[in-house]
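Student: Next up is a structure, given as structure tokens.
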């Protein structure tokens, strides 16, 4: 099944070549056929989807359609969705039906985009392989024996398998970009605060950010137009004039300065990934870009800093899951404290419990200054490194991940090895900068390779311009798994 762009689908809908109901049904049929293998979706409700599609058809017929009205979309199961199960990939919320819509869901509904369902994810967004989900591991569409990346693995896999034309994801330490790289699609993490976190179940509140996942940069730009905007219900939402992220897509790259951080091309980078990224750099040079050697010296500390700060915030955020107000409750307990203990012991998976324990430890008396405050200081140094780098370059380029997808179960027993998958993505989260991943080739096993761009604050349009121009002269983003064609 080809992957028409979002604008092409919208044009077909506007020209009455296909109805939104027909289009939604095509994707629902594909989900029904492939999801038993890929496991990309946790919840699918054809009745709800087709009702939303019928409403979109009415808007189109009445001349009230927006740019993406009638184009269906999948949502990561971290966004509260009124009337839908919202599980966050956890036993703790396995039966939780959200009573309201997250801001991202509101925006997509207002744009007339029917929901195809809720996608699988690592439990509470904690993972890099989508193996920690209570609902089972997601399989990589390019090879079902391999992981799709995480935590937005279901979103990435469903787009790569053409089960949805686009999806929403979230990125706390690389959870949009890393699975996008491993599944051969395009994914963008916006500047922190550009997309409201209201109704997005919190992992680490100072790092979490929602963003688009789609085959191409142009698609991501169109979806970013939908989901950005100020929201008074999120205290970190930024008041900025609404942008059109498609406006600069066709600008030439003449004079573009591309920063290449030496730390991102050091020991530990897979040779095939390095070669693919080098080839992408050469393509950008042909388009008029120049390269600049830069250093992000403190980025080598990003993983230890992240695994102090993110678990600390998770320890606080996840304290609300206590079995009292909503979610799972242990069936048997002696008293209130016993209920808390058994509910959390039974309701959370091993990785979530590991991170809660780490977070509680670093926030405890005697360790707060030694770990948490020191990590916050290094976080500022990482942001400063980026600020200095952007004095000499317009975008920063490197690999999205040190390698390609790995086999299911290969790193499950080695948390540190798993955490290293986010080596190149975490620095942008710590600094609050926008970052995106786009396909730039395949390894010798036929698994996708991802190229990462990091921009200065609010430079999403510039990054999308670079990515779009690269995708005009390459076809990596248009490839699809042959077995699923």
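Quick reminder: no glycine exception, Cβ is built from N, Cα and C everywhere.
According to Swiss-Prot, the protein has these features:
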type     : residues : note
ACT_SITE : 76       : active site, charge relay system
ACT_SITE : 151      : active site, charge relay system
ACT_SITE : 175      : active site, acyl-ester intermediate
Student: These are the active-site residues: 151, 175. Which one scores highest on other Cβ atoms within 10 Å?
Tutor: 175
Student: Using Cα coordinates, what distance in whole Å links residue 151 (active site, charge relay system) and residue 175 (active site, acyl-ester intermediate)?
Tutor: 5
Student: Would you mind pulling the DSSP three-state label for residue 151 (active site, charge relay system)?
Tutor: coil
Student: Expressed to the nearest Å, what is the distance separating residue 175 (active site, acyl-ester intermediate) and residue 76 (active site, charge relay system) at their Cα atoms?
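Tutor: Rounded to a whole number, the Cα-Cα distance is 11 Å.
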Student: Taking the Cβ of residue 76 (active site, charge relay system) as the centre, count every other Cβ atom within 10 Å, in any protein chain shown.
Tutor: 31
